[in-house]
């Protein structure tokens, strides 16, 4: 049963706003153990032609959010609240045929593991071509030519031969290229890349990210890049959204979030990364504790059990009141610490490290 | 493909030789003496010797086996029965009939029974399984799933007579099961075998319903199915074009294994409906200690299963491009 609420009728348009706007999105799954609050009151915007990097641990709701944009959850077990506007079209509660027309056409998605994500039973060319046939009404011949063109565009050598091969005859990097070719075959406005490089080795990873960047420059595609790798975000994204327990912890431009992080969780993420400049003997500092259960998330700020600073906030705000991201626009975070307190903690940090 | 077939055929020959060898030695491990049975109740020792000689049982076992084996390819001259051209499986101890022609006479009955039941099992089992997966959790799924459990426990010798009683004797809807050669009258062949087919396939169909359902559900949860949906493919095309292929692979594999059981079931079915097939020959051969007939039936039955399994493997490669035959 899908309980959906929206402020206006689905399919109606709204005045010019951001290219993609997610407003107060909540996604709950009913499981045998209870209701999982996978996404809980998430809002963010993406401007046309930019790349938004979404980072966070496993289970922070990154993938769930993006599958919701495409309406790919099983409606029988999912409850969705909130709004998702894509250029004035409301996607939450949109009917199946409207979503089918959208998927692979205006909004395309690439997944983490290109081997399991491609059908083992059909040739690469057919899998690329059928998207084109479905959405553009192309003939078999046109679809095949388009598939070859796309394979060439994503840098697969001998595309005219490769088009008739099966996924198992491709290497990991090639498969992901083929996957990207498939996603871009209809020139989508929005590309959602769900950990596109996690299953690839480092050199291939760099090639794939470069490819995405090049394609974006050429075609002005808007990209949402889901990753848990801050290095990938630093190289590719314009804006960053840090997610924790299904909510936004921090949001801003890449420069703001990576060089002036303001949420304790982002600090933790950044200090858990190895640095080339530090000595190899210095142990990494992980974020202590484990991600919270989304069946029964902690009251107040979901991060408080792992946070070192609730006592600085003074009252029991962190334990009882859920923080919202502030300020409304620009660089913001969901934390009760004052700017001064954050500055003090950060300088202390740097002193410690020095 | 050719090298695959050559390899499989060579393998099949080795298997058939092993099966015949084991059957042969097992037969001699049984303490009953076929020569004595052949000779009759009052049997003087010299007649017994003569019978033994005529049956070729006075020679060492491996010589007997070799004579039997070579006769298949080059034929054999029996002092008692006269020449037997290749492929010769010898003469029945009990009826003195050439074994090969006896099997050729009966084989179409068993083959019709097995193939017909296979068609029912696969089409009906897969269809209901897919329907159950399509409507998962809904009443249709529950009916299909629970009736498949009931079906799996309905034995041939129990259901067979019941069906005949109701459909033939009481309602007169169908003729009493019998065998009319397909080449003579396809329609009569079909109508008369309908009850045996359905009865033989009930147990198996239930299994295939359950398997298809669970395989489909498993495939629908695969990443590549999610990709297909993310591409904008409709639910129906995802179900029938993508998930179906993956679900069929384990089903075909299991079917290859089930063929042997199905042939065994065909023998029970023949007994239940008194159809004169290979099964009847086999049962009688065991009762009569009829070595040539027993060997013949065993080897022909095994050959049928081995050949059908090769067909299954070829089919497999057609469905899954990752399986290369070479």
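Think of each number as a place in line: the chain as shown, counted from 1.
Using N, Cα and C of the backbone, Cβ positions are placed for all residues, glycine too.
The feature domain 'ABC transmembrane type-1' is assigned by TrEMBL to B:107-316.
Here the transmembrane segment (B:9-28) has long-range neighbours at 61, 64-65, 68-69, 289, 291, 294-295, 298-299, 302-303, 306-307, 310, meaning same-chain residues at least 6 beyond its ends whose C-beta is under 8 angstroms from one of its own. What TrEMBL records for B:9-28 (among others) is transmembrane segment.
Residues annotated as transmembrane segment in TrEMBL: B:115-137 (among others).
Positions annotated as transmembrane segment by TrEMBL: B:149-168 (among others). Non-local neighbours of the transmembrane segment (B:149-168) in the same chain are 174-177, 195-196, 198-200, 202-203, 205-207, 209-210, 265, 268-269, 271-273; each lies 6+ residues outside the stretch with a CB under 8 Å from one of its CB atoms.
Taken from TrEMBL, the feature transmembrane segment applies to B:188-208 (among others).
For B:242-268 (among others), the entry in TrEMBL reads transmembrane segment. With a cut-off of 8 Å between Cβ atoms, the residues of this chain six or more beyond the transmembrane segment (B:242-268) that come close are 110, 113-114, 117-118, 121-122, 126, 130, 156-157, 200, 203-204, 208, 211-212, 215-216, 218-220, 222, 224-225, 228, 233, 277-279, 282-283, 301, 304-305, 308-309, 312-313, 315-316, 319-320.
For B:293-319 (among others), the entry in TrEMBL reads transmembrane segment. With a threshold of 8 Å between CB atoms, the same-chain residues lying at least 6 positions outside the transmembrane segment (B:293-319) that come near it are 4-5, 8-9, 12, 15-16, 19-20, 23-24, 27, 68, 89-90, 92-94, 99-100, 102-103, 107, 111, 245, 248-249, 252-253, 255-256, 259-260, 263, 278, 281-282, 284-286, 325.
Counting only same-chain residues 6+ beyond the ends of the transmembrane segment (B:115-137), those with a CB under 8 A from a CB of the stretch are 144-145, 148, 193, 196-198, 200-201, 204-213, 215-217, 220, 239, 244, 248, 251, 255, 259, 262, 265-266, 269.
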